[in-house]
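**Student:** There's a structure below that I have some questions on.
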Amino acid sequence: GLNIELEIHSLTAELESLKNPQGLGLSSHLDGLREENAKLKYRLNVLKRSLQEERSQCSKTMMNINQRLQEIFGEAIREACPDLENPPLAVTPNQQAKFGDYQCNSAMAMAQMMKSKGLKVNPRQIAENIQQNIPDNELIEKTEIAGPGFINVHLKRSFVSKLLTNLLLNGVQPPPLESKKKVVVDFSSPNIAKEMHVGHLRSTIIGDSMCRLFEFLGYDVLRLNHVGDWGTQFGMLIAHLQDKFPNYLTVSPPIGDLQAFYKESKKRFDEEEDFKKRAYQCVVKLQSKDPAFIKGWNLICDVSRNEFQKVYNCLDIQIIERGESFYQEKMTAVVKEFEAKGLVEMDEGRKIVFAPGQQIPLTVVKSDGGYTYDTSDLAALRHRLFDEKADIIIYVTDSGQGTHFQVVFAAAQMIGWYDPNVTRVEHAGFGVVLGEDKKKFKTRSGDTVRLMDLLDEGLKRSMDKLKEKDRDKVLSTEDLTKAQRSVAFGCIKYADLSHNRINDYVFSFDKMLDDRGNTAAYLLYAFTRIRSIARLANIDEAALRKAAETTEVLLEHDKEWKLGKCLLRFPEILQKILDDLLLHTLCDYLYELATTFTEFYDSCYCIEKDRQTGEVVKVNMWRMLLCDATAAIMAKGFDILGINPVSRM
């Protein structure tokens, strides 16, 4: 495939050079060139066709139909209007089936572009011109021009059917990767000795799902937990530890409730002058790496880590801890580097850095000589770029930190650490979590909600829901517990991921456990039902496998056709999320797939049963294959969202 593409590339370049021969006024020479040109064009078309065939046959990966149509229309537009610089390329799935399957609406935008150059052209004329230049291809049945210049595309049913067979034989495979990029995702990142709160929950769920998407697509992903494990608060915590458990160096201190411990030490810090002084001395000792203080620091971090891990275990999160303390040594070097390039200014004893286009400076050294978040974030970014050699770095934190990251990224570009056209460094922000009263999410007494309490309540609510449906009467205890966890944690994740992350989000157990509408509860039930269709018809894996190898997936009924096309949109959905990191698109897609499947199942019989005996009389095999393909895509979608369906529910 690659060799063909390279040859196509060089031939195209050769053709271009033949188009404008420099002052060669010899007609015989021109004839020679024309002949040469015709030969090259012929060879080019042969190559393009073989590339297409190679794509559609050997491809174990799923084809992105939208992208393929963009290639085809891109070529047609270049042929139709060779003089337009960067013509707009717009291909979208059609909203109304009667107009076809996809639609290219570039003609209107192109007419606008030409108008701005003083050329008046009717967009319909442009559309016709594009239509005439559509190259030979494997997937378009016919095109029609509608309205002001929309080009409606009808796909070949046989082609869609072939792609579905590929999907059934190879499983849900990611689209081909051009190069294996290194991705760093910085997410979750709670603070040691403080409770994880719902903001961390959002970051954890969204970040984990982004990682799962990159991993499925074949990238090399590093999941980092940038915990707050360094700073002045450790002075008061260690001072309090020394008073409360003086033998902490030899006997492990039973700090059960770190919250209470933190509050006690904070109270003393605010009220007792001596204690405050000692706390500051402890910070100095800790920063000079005194072994006794490092031990105390480690003990406190461990208690916190165990608390965090309980949450990660519930939600099935893999993450590597690399806290602020990891970058301590590296911060000094970063400050020196900025100073060496003359980018540091003094401001009332502080060292600050102004980045181009940013109002707020970064404070890299405080007046007391200490470092700040700005310094540690710069050091972390530098390490991820140079030591981890990341091509993509994503920070998943609340939108409130958007400006901070903008300034950090601008400073890193100014000093030449990365070029945004080459390396993608991005802050993926998210809104606040609100209670059902649309106010800040708090307990009745006004405290922050503890995450473990929240997850426990989710488990309780999910069990109530299952019992309400009498599932406890049909499922074994083990299956019931599995279903309980699947529904509880699946619903908490899906409720978060199915909203645009940029908006604030109202947390409501009632809404997320409702099995009507776009919720995990609905999708998990739908999925279990789809999976059970083959089981109830006594069709096993082997029979489905054989059918996939021998039965053509017919798409004659319009509900079969609609479902088939919906299944094959999966790669383009993933591509869109890769571009904008908005995971609710995947949730919307899964919900659309489930409802499209229901329409199909209601109008197209898959199994005929005898009215009297209930025995299976007739099985429609290609429809069973459509059920199977739907389950496969849903399972992969769940996997990317971090939702774990169970076989019986």
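Cβ from N, Cα, C; glycine included.
A TrEMBL annotation is a machine prediction, not a hand-curated record.
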**Student:** If TrEMBL is the reference, give me the range from 30-57, 170-197, 450-477 marked as coiled coil.
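**Tutor:** Within the set 30-57, 170-197, 450-477, TrEMBL attaches coiled coil to 30-57.
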**Student:** Where DSSP helix means H, G or I and strand means E or B, what are the helix, strand and coil counts for the domain 'DALR anticodon binding' (523-649)?
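**Tutor:** Helix, strand, coil within the domain 'DALR anticodon binding' (523-649): 87 helix, 7 strand, 33 coil.
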**Student:** What mean pLDDT score does the coiled coil (30-57) have in the model?
**Tutor:** 72
